[in-house]
Amino acid sequence: MARKSAIPPSYYGEPHKFDPTFRGPVHKRGCTDVLCCVIFVIVILGYIVLGTVAWMHGDPRKVVYPTDSYGQFCGQQETPNANKAILFYFNILQCANPSVLINLQCPTTQLCVSKCPDRFATYIDMQYSYRRNKGSWEYYKQFCKPGFNNPDKPISQVLRDEDCPSMIVPSRPFLQRCFPDFITRNGTLTVANQTSFKDGHGKIRSVVDLRDAAKQERTVLSGKVTAMQQGTESGITSLLDAKEVGTKIFEDYASSWFWILIGLVISMLVSLVFILLLRFTAGVLFWLVIFGVIAAVGYGIWHCYWEYSSLKGKPDSDVTISDIGFQTDFRVYLQLSQTWLIFMTSLAVIEAIIILVLIFLRNRVRIAIALLKEGSKAIGCIMSTLFYPIITFLLLALCIAYWAVTAVFLASSGEAVYKVMSTLPDCKYTNLTCDPETFSQSNVTKLCPGSQCTFAFYGGESLYHRYIFVLQLCNLLVFLWLVNFTIALGQCTLAGAFAAYYWALRKPADIPPCPLASSFGRALRYHTGSLAFGALILSIVQFIRIILEYLDHKLKGAHNAFTRFLLCCLKCCFWCLEHFIKFMNRNAYIMISIYGKNFCTSARDAFFLLMRNVMRVAVLDKVTDFLLFLGKLLISGSVGVLAFFFFTRQIPVIQEEVPSLNYYWVPLLTVIFGSYMIAHGFFNVYAMCVDTLFLCFLLDLEKNDGSATRPYYMCSSLRAILNKKNQKRPKETKRGRKQKKEQPKSRH
């Protein structure tokens, strides 16, 4: 017997049954997902404890200031190094040693100085010139150990005791560290117009050796301090140029902040007006753009046909694309008739798809537009919802600040750890811990000549210090959980307010008072556990994605094709999973705000409800995204054009009010970006409104039939599109009203 191919009605769940007591968001509800709520509260308390412990052990100065070989901070106030904010390497050539990338430490003495050297010099040359000019020692000794004042000391003893560097090279500060001042002239690498220099040991070295050492140490800094560019010699010069540009940008902000603020206020008002006017313009905007696209594609078809016809009879135009192969000059392809035939066919297929979609889905498009208009009316009735994102922003700012401070204090926890650094490859003491105060009396200096006991990093041997990396991961996971919970709380609050609007039979008379505040109270009092549950699922997926991105960054240089392919597939899968969970969570929160059920039940009901109306979901989602994106572009573009004319002094009326600027694009880009973000914040509320009204609309269709006892709550325009009507209650006659009055009152 043949198997039935039809999907059973219960495949996507049973439609919602009629509940005569349902009048919108349920007010009598109980707490949901209590266990998750308890776990969430415990995690928050643990997070506070983690921040407290990190604050007790951490010291942000270890991140802010460079540390010399003696464990002292460079540039810290009220210390001997207060005026010495830059770290200087005695012999930066040692940084080219392969052990640097293993031990994350350059095996040379590092000293705090007030400025970087600006000339080539060696200790031996200084001793020769000291006999004639005492000033040469005065300049050189600022790069020696504090207190050392014996320029006649032999070079061998100076290097043994690490009193002074054997050489200095012209340098510039880069991340508060002295690096050679590289300049490329006519393709040749130079330092102070020289391509070679003396290394202080009687050898002539190339500046390429300096570049290799500097690049190696910058790689170390990227692992210990911050993610830096794997720069070449031009990176330092570019940074210094960027510092000058940054100063000018700061001046522009200082002189134009008032006008930037005015531009952002204008964008806020325009966004508000745009949302309120969508009830009148949503359909016009959508159909104008759609018919514009149809007309543009139609013109493209005609133009391709015209080009194809004009090339048809010309010689060499009948050559196929496969015959000429790949060409870097794409204009060659435009001389072939086959190219224009392909263009014409492709555009014709696109045109046919657009027209067929509009023909067969026209009613669903009309429903989507009607819901967009109804969303504008809902926001007009509950204006306070437009300002709720301010609360979300403040909570997110608090989460980000706490996470960042905790991360810095965790990263700066621990005591200074000193390790033996040696340039000898066979030194068995290399990378072992040492005590700088007793190192000179130990046997290490005899067995490994030239070895040093230098500062390596901040750490410790306690249980806390061994698990700092794990604590950083916990800090990140809890941060993601709190951020997603904050967003979930906002979505559930807005959904409850807009659901109260939809399920009011007479709008706005039947809308309950303070719907936003009531919804916020219900979400926080009854559904903290459900919101935390959904946020935790999303946070775990995001946490895995971050780990995959970290692994991808670390394995970029790997040559294992299978590993890179597997990592790419995992990243793609988890990206899709994250977006699916976001979509499901959003609709689950809407169902929670309406019915007050737990997260899993709400997510299941929302999923089956959407799957029973999958075509309506797809059309509404795309139409909403399209109109909101168009609105963001219109708002940011119009405000940006106005700002351009203002800051370029092209508005005659207020030319004298325009401040003097170094770069007019600084306030202009700030206004455009700020306008887009403001519009994005307003339209997020609007999108949540439309999604809530859509789910309520689907529930309305399944629960009600338009009878006097089960009327539709949807607006009249939606009922007209669907050919639905609400039956009017029969009017009572005078005799009926009289009999009703004469009936005895119930004692109940």
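Glycine is treated like the rest: Cβ placed from N, Cα and C.
Record features, source TrEMBL:
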- 34-56: transmembrane segment (TRANSMEM)
- 257-277: transmembrane segment (TRANSMEM)
- 284-302: transmembrane segment (TRANSMEM)
- 340-361: transmembrane segment (TRANSMEM)
- 382-405: transmembrane segment (TRANSMEM)
- 478-505: transmembrane segment (TRANSMEM)
- 526-548: transmembrane segment (TRANSMEM)
- 560-577: transmembrane segment (TRANSMEM)
- 626-648: transmembrane segment (TRANSMEM)
- 660-679: transmembrane segment (TRANSMEM)
- 724-748: region 'Disordered' (REGION)
- 725-740: compositional bias 'Basic residues' (COMPBIAS)
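Cβ atoms under 8 Å from those of the transmembrane segment (626-648) belong to residues 256, 259, 263, 266-267, 270-271, 274, 278, 282, 285-286, 289, 372, 654, 658, 661, 664, 667-668, 671-673, 675-676, 679-680, 683, 686-687 of the same chain, restricted to positions at least 6 beyond its ends. Long-range Cβ contacts of the transmembrane segment (560-577) within its own chain (Cβ-Cβ under 8 Å, at least 6 residues beyond either end) map to 541, 544-545, 548-549, 551-552.
Long-range neighbours of the transmembrane segment (526-548) within the same chain, counting only residues 6 or more positions beyond its ends whose Cβ lies under 8 Å from a Cβ of the stretch, are 29-40, 476-477, 480-481, 483-485, 487-489, 492, 567, 570-571, 574-575, 577-578, 581-582, 585, 588-589, 592, 596, 598-600, 602-603.
Within its own chain, the transmembrane segment (382-405) has Cβ neighbours under 8 Å at 47, 51, 272, 275, 475-476, 479, 482-483, 486-487, 489-490, 493-494, 497-498, 501, 511, 515-516, 681-682, 684-685, 689, counting only residues six or more beyond its boundaries. Cβ atoms under 8 Å from those of the transmembrane segment (660-679) belong to residues 248-249, 251-253, 255-256, 259-260, 263-264, 267-268, 271, 274, 631-632, 635-636, 639-640, 643-644, 647-648 of the same chain, restricted to positions at least 6 beyond its ends. A Cβ distance under 8 Å defines the sequence-distant neighbours of the transmembrane segment (257-277), meaning residues of its chain 6+ beyond its ends; these are 376, 379-380, 386, 631, 634-636, 638-639, 642-643, 646-647, 658-659, 667, 670-671, 674-675, 678-679, 682-683, 686.
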